[in-house]
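Read through the structure below, which is laid out as structure tokens, and then see the notes.
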Amino acid sequence: MDCRESALLVSVLLLALDLCSAQNYVLSDDGGLGRVFDGIGGLSGGGATSRLLVSYAEPYRSQVLDFLFKPNFGASLHILKVEIGGDAQTTDGTEPSHMHYENDENYYRGYEWWLMKEAKKRNPNITLIGLPWAFPGWVGHGKNWPYDYPDVTATYVVNWILGAKQYHDLDIQYVGIWNERSFDNKYIKVLRNMLDKVGLPGVGIIAADGDWSVANSMILDPYLNNSVDVIGAHYPGTTTITEALKTQKKLWSSEDYSTFNNEVGGGCWARILNQNYVNGQMTATISWNLVASYYEDLPFGRDGLMTAEEPWSGNYVVESPIWITAHTTQFTQPGWTYLQTVGHLAQGGSYIALTDGKGNLTVVIETMTHNHSVCIRPPLPPFNVTSQNATFQLKGSFASIKELQVWRSQFDFKTSKASFFEKLKPLKLVDGLFTLNLAEDEVYTLTTISTGSKGSYPDPPPSAPFPKVYKDDFDVRSPPFSEAPYFADQTGVFEYYINLTDPGPHVFTLRQVLTERPITWATDADQTISVIGDYYWQNLTVTCDVFMEKMNAGGVFIAARVDKGGQSIRSAKGVFFWVFADGTYKVTNDLVGETVLAEGQSGTEVYGWYTLSLTVKGQYASGSLNGYPLWKNAVVLTPKAGWAAIGTRSFELAQFDNFALVAE
């Protein structure tokens, strides 16, 4: 025997040893099937997470949408869940309501209508879901709680569903119930009854879009049980509770992920997409959020499936969660069924298998290690994953399958040379058997479906900071969206407005339209505020024309170096230059107006236009009114940097025009 023959013999022996040491797993439908698969989705809202996407120029905006929704291209999402705007801060900003006031209806505000239509254009079969995170103040009749008047709240929600169909030809399949604290359960029954009465019996109710606790009530209350179609939990940690399983309802992770979208975020997503079913029998998982399209320095920056936060440059980034999603979405569809033979791998990791009932089979395997798959919440108990050989035996109706398409993602946390959604050579099966050598931190898809593809476009433009010189006169006669580009409302709603009473230069303006505090679980400020620009700006000049509409107590401001937003907006600091309808001005170091840097007489009145200008440079700030210095050299020690902003003293009507900024 020569050396080559010896080497060959050793290789054969090693292969035989590998096969002998492989753990065996059976994939079969002989004993029946598991639960019906409902899909994987993304969540726009909760709140204002897609705010910057609408301002992208073409073709980049459409490219982002293709990576999210286009079948067999990128994430190929099955579900789009959107916020039913409630005029309130709900994490990263406010989204406008279709009913600011009880006698007001407008089904063109905001951008969620547009987003749903774009998703539907790419995937006509996509499932659409609406959920109100907040409500206009009138719904609560003076209380910060929307369920004391269930008929009012139900009418508000049902109007949104009807408006989606009437004005946008969008069929909403499910509506969520806001907040796990919403139960005396009466509202759910009222909503179900109202949906049925207006001809929407097919719109399912997801409860409680919070935790599993509604299951206990459903077991005790048959009418409630019949009213709920899906029990939806947020961030369930891949587990459910016995009571939820007893209801025999669909179980969804109706909000999950919420993790920075680097490779650890991709690992989190890979693990929970499999294990939400393996551990918790959840048949749908929805990512908060769909796309990180809000200023990154707001709370939970880059917690989306991909990143599109620079409409001014056109840059976007297709992050790893897009391709992890594709491992399941491109090779399954809602209506497929999980096999009962799913589970954990012997050396860590998990596998799922689904079938369309027509002979097709898709198997998804993940071997994510603990430290490389930590989600933002809940805490992840320790576990171990090591490299392993795994042999899968296809039985039942799958025994005759001879070949499987193979797609693989390999995370690489040492060299940062990961490869995602790579198509490998088809795998030939012998007697229904195949063996994989699984390394740590990998995802495999093995499938009979041959239509998968890794879509691509030429690289978008390079990343660039917000322009240092920027202006907007809001002179848009038919705006495509109700909000002005790049402004991110943090409390209040700032909309394009046609001022028909002004024959002069201020016909087209931006107007803060709320006069009542909305109902929200988050923390709105007592003042309204919309931020814009670069969070790292230090020295800049902000100029804007302002118009107060509230007698006596009215007031407006422009600001620089605003250091907080989102849920933290109440504690925002910066340099705020206020003028008031009582003829005074004030300069404060905080949004709440407690730390006063300067104050005095301004002569400002209601129903008059004034030009405010604020310059901050180093430790000093100065301001002018109508081109004349009003105050100067106020000492500003902190914050050192932040956004520009406009806003009002309270929830009050006010207008803004000819906004401009120049940063150094």
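Cβ coordinates are placed from backbone N, Cα and C, and glycine is handled just like the others.
TrEMBL does not curate its annotations; it predicts them automatically.
Taken from TrEMBL, the feature signal peptide covers 1-22.
The annotation domain 'Glycosyl hydrolase family 59 catalytic' is assigned in TrEMBL to 37-330.
Taken from TrEMBL, the feature active site, proton donor/acceptor covers E180.
Taken from TrEMBL, the feature active site, nucleophile covers E255.
Mean pLDDT for the domain 'Glycosyl hydrolase family 59 central' (338-452) in the predicted structure: 97. If you look up TrEMBL, you'll see 338-452 marked as domain 'Glycosyl hydrolase family 59 central'.
Annotation comment: TrEMBL describes 489-661 as domain 'Glycosyl hydrolase family 59 C-terminal lectin'.
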Query: Which residues in the same chain, at least 6 apart in sequence, have a Cβ under 8 Å from the Cβ of E255 (active site, nucleophile)?
result: L43, G46, D209, G232, H234, Y235, I286, W288
Message: Can you break down the domain 'Glycosyl hydrolase family 59 central' (338-452) into helix, strand and coil residue counts using DSSP?
response: 6 helix, 54 strand, 55 coil
